[in-house]
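If you check TrEMBL, you get these features:
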type     : residues         : note
BINDING  : H143, R144, K159 : substrate binding site
COMPBIAS : 1-15             : compositional bias 'Polar residues'
REGION   : 1-35             : region 'Disordered'
Amino acid sequence: MSSSDISSSCFNQETKLPLSPPLVEDSAFEPPGKDINEVEEKSKDIIKFTSEQLSVDEVSQLVISPFCGAISLFVGTTRNNFEGKKVISLEYEAYLPMAENEVRKICSDIRKKWPVKHIAVFHRLGLVPVSEASIIIAVSSAHRTASLEAVSYAIDTLKAKVPIWKKSCILMYKAYQIRLLVVVLQSAALMMCFTRIEMGETEEGTWEFTCLQVMQRCLPIDHIVRSKPLHLVSKL
């Protein structure tokens with residue numbers, strides 16, 4: 001069974017994700033008794049989708065090579081705002097078999113365009129709190145230009161082609177804004193009801209009088225303030 005077969009068998013074809021899926025890696029074979037500098041090191045494409053927190057140090061270590069003088073990194077993190085609204089967290093979902101194949105194609109395309117050594121693409125799935133990494137891409141090469149351009153190409157192509165979806169958990173309004181809105185609405189409703197009563201247009205038993213009684217008791221607003229944030233789903 002190949003390493004890709006092992007990886008695919010761990011996942012449900014829908015959206016289920018194990019806590020720690022296997023690392024997909026093409027490792028190099030080094031003949032015994034020879035120094036690493038005497039044998040050309042085999043290039044590696046390391047791909048991992050995981051629900052665990054990502055480590056920049058771990059990913060960068062995987063692409064280190066004595067033949068390379070440059071390691072370029074892209075780290076995508078959750079920011080605390082989206083179009084002027086406060087973001088609590090991001091949640092990522094992916095169709096894993098297709099996502100892995102697409103990332104492998106990206107690695108293959110990179111090797112056709114630039115002389116790079118190792119490529120690592122780690123993507124986190126599930127909830128990703130503010131300031132934590134959702135994706136880390138690392139590329140090593142002999143010279144910096146190749147790895148820098150490769151990393152830029154990798155993240156742009158991944159966002160465009162890989163089936164990963166992002167759900168933003170945002171707060172539409174701050175608590176004081178909600179309270180202010182409720183107070184304004186209550187005041188407007190009370191003024192309308194009092195005006196109709198003074199004009200003799202409202203009597204006991206009518207819906208306007210019932211509305212007035214309800215508004216005078218003041219609507220509870222705690223449940224509004226503690227309501228669940230809005231979730232926006234979009235393509236990565």
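Here the Cβ of each residue, glycine as well, is placed from N, Cα and C on the backbone.
Feature map: annotations from TrEMBL on the structure.
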residue: H143; record: substrate binding site; Cβ within 10 Å: 12
residue: R144; record: substrate binding site; Cβ within 10 Å: 13
residue: K159; record: substrate binding site; Cβ within 10 Å: 14
